[in-house]
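What follows is a set of notes on a single structure, which appears directly below.
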Amino acid sequence: MLKKSDNKMTDQAYWCVVSGSDIWVNDDQFPFGSAEELGLSVEHAICIGQHQGRKVYWLNDCDVEIELSMVSLRDLLHWPESSFLIASKAIQYGHMTQSMRFCPQCGGRNHLNHNQVAMQCGDCRTLHYPRIFPCIIVAVRNDNKILLAQHPRHKTGMYTVIAGFLEVGETLEQCVAREVKEETGIDVSNIRYFGSQPWAFPSSMMMAFLADYAGGTLKPDYSELSDAQWFDVTSLPDVAPVGTIARQLIENTVDDIRKASVAEQELEH
């Protein structure tokens, strides 16, 4: 539930002012203080939770009269998870209010319903909840190697694991197998859940898996990828940044391979 506060002008609180995928930060942390001290107008400020025992307020930058120094959410991947998730939440709420201004049922004007985390039509009263796009992301292992791919959108040339959107009528496990097959031509088995991460670019939920190579020849789909290779864990390329669940998958797989290698060496001796 979103909460309005009668004390927004004087509350000592953290503030999340967002614009698209950008957020206001001060000295690499959430700005802290009262709205009065920070020069913020609070008519549209909404409490979206707590951080370190203090309220967190969200505002869209269009509701702020002063110019603020904004940074991309991607630049905050080094933040502690609790802080990054709060920033992600604010950005996703901002995206909801900006992308769902009109009701798809009747065309009426939507407004934010503070009792439901949703936009509500002023005419037909239909509630429209935030759009969350489910995606899978998977690290595939083949003995002592990991499958990594390079995407044209990654200008730095980094490599990462395979990912894709869930289709209608599809289980997560089916999606894992399909995406790997479509993008690389290989089959996988032993698909197992690893973890998840909200990914506010603009509103995805990444559901992470581990899988094992089961067969097929690596044939990258060059309409989707720039490259895909099996990499030995001793010679990895530049990979996804720290803070991403892609990096967690890669590190977990590399650790498992190294542990297995050590165990094999101990058995030989």
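The backbone N, Cα and C atoms fix where each Cβ goes, glycine too.
The feature substrate binding site is assigned by Swiss-Prot to Arg74, Tyr129, Gln197, Pro198, Trp199, Ala200, Phe201, Pro202, Ser203, Ser204, Ala246. Secondary structure at Arg74 (substrate binding site), taken from DSSP and collapsed to helix, strand or coil, is helix.
Feature annotation from Swiss-Prot assigns Zn(2+) binding site to Cys103, Cys106, Cys121, Cys124. Cβ neighbours within 10 Å of Cys103 (Zn(2+) binding site), excluding its own Cβ and spanning all shown chains: 20. The DSSP secondary structure for Cys103 (Zn(2+) binding site) is coil.
If you look up Swiss-Prot, you'll see 130-253 marked as domain 'Nudix hydrolase'.
Cβ contacts within 10 Å of Glu224 (divalent metal cation 1 binding site), excluding its own Cβ and spanning all protein chains shown: 16. If you look up Swiss-Prot, you'll see Ala163, Glu183, Glu224 marked as divalent metal cation 1 binding site.
The average pLDDT for the motif 'Nudix box' (164-185) in the predicted structure is 98. Among the features that Swiss-Prot reports, motif 'Nudix box' is placed at 164-185.
Annotated divalent metal cation 3 binding site per Swiss-Prot: Glu179, Glu183, Glu224, in sequence order, evidence recorded as sequence analysis. Contacts of Glu183 (divalent metal cation 1 binding site) defined by a Cβ separation under 8 A and a same-chain sequence distance of 6+ are given as Ala149, Ile162, Gly164, Pro220, Asp221, Glu224, Leu225, Ala228, in order along the sequence. Under the three-state DSSP scheme, Glu183 (divalent metal cation 1 binding site) falls in the helix class.
Look at Swiss-Prot and you will find Glu179 tagged as divalent metal cation 2 binding site, backed by sequence analysis.
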| To the nearest whole angstrom, what is the C-alpha distance linking Arg74 (substrate binding site) and Glu179 (divalent metal cation 3 binding site)? | 25
| Count of other CB atoms lying within 10 Å of the CB belonging to Ser203 (substrate binding site) | 18
| query | Tell me, by DSSP, whether Ala246 (substrate binding site) is helix, strand or coil? | reply | helix
